[in-house]
Structures are given as structure tokens and as C-alpha cells.
């Protein structure tokens with residue numbers, strides 16, 4: 001197979017020296033991961049893993065937990081640092097949507113850095129030019145495109161008020177394409193003979209990372225603008241499922257769930273599901289009563305700040321529902337008062353419990369492919385930032401699709417903003433068209449009145 005690869009990778013009319021053949025063969029084997037088995041001692045990374053997996057637990061915890069077994073020590077370390085991360089999560093929620101957006105951006109950059117670092121550590125021995133430079137350049141280009149679209153969409157009045165912003169908004173997509181095209185040309189110019197295939201692999205590596213990380217973080221911010229409840233509840237459900245699946249698996253786990261993650265058990269998977277659905281219902285009930293969580297995040301042009309004040313929609317108004325006859329004898333109630341959003345929370349928590357973990361399984365398979373334990377050592381006992389957010393990105397896409405499919409309707413304020421930017425003759429034309437439509441509707445409604453009596 002290696003000989004066939006060498007022939008396919010050879011330039012027409014070019015003869016390869018034995019040394020060059022050996023070098024290319026080794027590079028192909030390293031790239032494609034062709035090993036006899038996963039238990040072989042030889043690593044795909046030239047003998048050393050790309051990410052160190054040494055014990056980075058704080059010395060204070062090491063001394064305090066020194067008398068415990070490694071199993072219980074890991075349990076306490078993960079528990080303490082999980083509580084610290086949850087506390088930090090509450091703090092950034094309190095600081096408001098702008099801080100949340102900045103945190104999402106920082107998490108995105110860190111996750112991108114962890115994945116790109118793995119690629120760089122795998123291929124750095126080949127001295128490929130411009131790999132990291134182009135990777136970060138493409139990250140800048142993609143962020144400019146997505147966040148430029150967001151600014152134009154949610155800060156439309158502010159953009160139209162400032163001349164430089166208005167020009168950038170008008171030609172935003174052309175500028176974004178020109179920036180990407182520059183990076184594309186730089187990549188072509190950086191191609192090195194005998195390393196073409198490796199460089200194209202890394203080109204694909206960078207773009208898949210951008211697709212997974214940047215696109216999903218952009219959707220998270222879109223969910224945030226729909227209301228902080230659409231940001232907090234899905235993320236909290238994933239966190240709850242992660243914690244409860246670990247707890248149930250730690251104390252009751254006996255049956256392995258999937259080979260990609262040997263420590264995952266059916267007991268943890270099922271226990272995490274029921275705990276997360278119950279948690280989602282309770283959290284949704286609490287948050288649905290506060291406007292600061294349920295109102296869409298909008299930019300106030302008068303104060304130049306974000307506002308979250310509105311009249312709650314029907315989703316966040318208590319309603320009475322009839323309990324099915326089968327359950328009435330069990331619970332002893334005929335009706336129950338709850339927020340409609342709580343019904344949607346069941347769908348969110350179900351996805352977080354049953355489908356969300358597959359984001360973690362995907363990440364586990366990725367790490368096993370490169371023989372690493374974690375993406376990084378950022379958080380003791382948890383690994384890197386990407387290790388904590390592997391399920392969140394999949395959840396963000398689902399929430400965005402769910403809102404677009406079942407929740408979001410026309411936005412009158414955005415239509416009015418766009419209407420006011422039109423020329424007077426265009427505004428007059430729309431006014432006359434709308435007037436004729438409403439008059440026609442009124443005539444039809446009046447004609448139907450006698451049928452009501």
C-alpha cells in the first residue's frame with residue numbers, strides 16, 4: 001500500500017531517491033494512522049504525544065487528598081473544580097449579555113487553539129511553512145464574516161448612523177471574500193514539493209476546525225439574542241447531564257455504553273437522562289418568571305446599550321393544561337399550571353441527554369485516533385476547554401434550528417428599521433401597497449360579519 005501511495009504522490013517524470021521514499025512513506029503512515037493495533041507502543045507522533053498528560057492538579061488539592069485512592073481523588077478534584085466552573089458561569093450570567101458574548105469569543109479562540117496545536121505538534125517535524133499563521137488568519141477571516149453579519153443584523157440602526165460602519169456593512173460580504181481569497185492564495189504559494197498531501201490535509205484540518213468551532217459559537221450568540229433563557233437552559237442541561245451521568249456511572253455503573261469511551265456506562269446514560277429532564281423543567285419554571293431571562297436581547301439606540309425589557313410572550317405566561325387520564329390516578333390532579341416553555345425544555349433536555357453525548361463520543365474518537373488523553377491541560381481533572389465544550393457545540397446547533405423551526409416569527413422592529421432606511425419614494429410605494437392590502441382585508445372582514453349573527 002505504501003508503494004502505491006508513493007507512486008500516486010510522485011510528480012510526473014520524477015525519480016525518487018531511497019531516502020526520500022522512506023521519508024514520504026513514514027509521513028504517510030503517520031498521517032493515515034496505519035498501525036497494527038491501538039496497543040502498539042509506537043506512536044503516530046514520532047514517539048511523544050502532542051499534548052502532555054502529566055498530573056496538573058493544584059498542589060493544595062494533592063496534599064489534602066493524598067490519603068485517598070486515585071479513583072476517589074479524581075472524584076473530589078473533578079467535583080471541586082466543577083463547582084468552581086459553575087460559580088464562574090453564574091458570575092458571567094450576572095454580568096450581562098455583552099460579557100457572555102466576550103466569553104463565548106474567548107472559549108472559541110481557546111478551543112481553536114487546542115485543536116490546531118494538535119495538528120501542529122503532529123506535523124511540525126516536517127517544517128511546513130505558514131501553517132499556524134494561515135490557520136489563525138482563516139480564523140480571523142471567518143470571525144470577521146460571522147460577527148459582521150451579526151452586527152449588521154442586530155445593530156442595524158447604529159450601523160446606518162455611522163458612515164464608516166455603513167460602508168463596511170454594505171460591502172461586508174465582498175470584503176470577507178477578498179480576505180479569504182488572500183489566505184487561499186497564500187496557501188497555494190506555500191505548497192512545498194514532496195509535502196503536498198500533508199499540506200492539503202492540514203488545509204482541510206483547519207477548515208473542519210473552523211466549521212466545528214466558529215460556526216457553532218456564532219449560533220450560540222444568535223441563541224443569546226433570542227433571550228438569555230435560550231442560552232442558559234441548553235448549556236445548563238448539558239452541564240447537568242455531564243455531572244449526573246458521571247455521578248450515576250461512578251456509583252452504579254456496571255454496563256459499558258460505547259467502546260470509544262470505556263468509562264461511560266448505561267446506568268450513567270439513563271440516570272443522566274431522567275435527572276436532566278427533571279432539572280430542565282425546574283430551571284425553566286424558575287427562569288420563565290423573570291423578564292431579564294425571557295426577553296430578547298436588543299440594542300437600545302437611545303442609550304447605546306443592551307436592553308432585555310419587554311412584555312413576555314405566550315411562551316412565558318402560565319397556562320393550565322389537562323393531565324392525561326392515565327396519569328390522573330397516579331398524581332391525583334386533573335390539571336396543572338405551567339409555562340409553555342417548560343414543554344420546549346423537555347425537547348432541549350432530551351437532546352442534551354440522548355444526542356448531546358455523541359459530541360463527546362466524537363471528541364473521544366478524535367483523541368483516540370491521535371493517542372492523547374485530553375485536548376489540553378487547562379482545567380485539572382477535566383482536560384482542555386474543548387473537553388468541556390465538545391457537547392455544547394452540538395447543542396448550540398440544535399437550539400438554533402429548533403428556534404428557527406418552532407419558535408421564531410416575523411420581527412416587526414427589524415422590518416421597521418429596514419423600512420426607515422429606504423428612499424422616500426420606496427417608503428411611499430410600500431405604504432400604498434400596505435394600505436391597499438389592509439383596506440382589502442377590512443372589506444373582506446366586514447362582508448363576513450353578517451354570517452356571525
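In case you wondered, yes, glycine gets a Cβ from its N, Cα and C as well.
Residues or ranges marked as region 'Disordered' in TrEMBL: 1-58.
Annotation source TrEMBL lists compositional bias 'Basic and acidic residues' at 1-43.
If you look up TrEMBL, you'll see 75-95 (among others) marked as transmembrane segment.
The transmembrane segment annotation in TrEMBL covers 101-123 (among others).
The transmembrane segment annotation in TrEMBL covers 130-147 (among others). Through the fold, the transmembrane segment (130-147) approaches residues 105, 108-109, 112, 116, 119-120, 123, 172-173, 175-176, 179-180, 183, 186-187, 190, 199, 202, 206-207, 209-210, 214-215, 218 of its own chain, all at least 6 residues removed from its boundaries and within a Cβ separation under 8 Å.
Look at TrEMBL and you will find 174-192 (among others) tagged as transmembrane segment.
Long-range neighbours of the transmembrane segment (199-221) within the same chain, counting only residues 6 or more positions beyond its ends whose Cβ lies under 8 Å from a Cβ of the stretch, are 31, 101, 104-105, 107-108, 111-112, 115-116, 119, 123, 128, 131, 134-135, 138-139, 142-143, 146-147, 150, 187, 190-192, 231, 392-394, 396-397, 399-400. Taken from TrEMBL, the feature transmembrane segment applies to 199-221 (among others).
The transmembrane segment feature in TrEMBL is assigned to 227-253 (among others). Tertiary neighbourhood of the transmembrane segment (227-253): same-chain residues 75, 78, 82, 86, 89, 93, 97, 100, 220, 263-273, 275-276, 279-280, 283-284, 287-288, 292-297, 308, 341, 345, 348-349, 352-353, 356-357, 391-392, 395-396, 398-399, 403, selected by CB-CB distance under 8 Å and a gap of 6+ residues from either end.
Residues annotated as transmembrane segment in TrEMBL: 265-287 (among others). Residues 229, 232-233, 236-237, 240-242, 244-250, 252-257, 293-294, 338-339, 341-342, 344-346, 348-350, 352-354, 357 of the same chain, all 6+ positions outside the transmembrane segment (265-287), place their C-beta atoms under 8 angstroms from a C-beta of that stretch.
According to TrEMBL, the feature transmembrane segment maps to 341-363 (among others).
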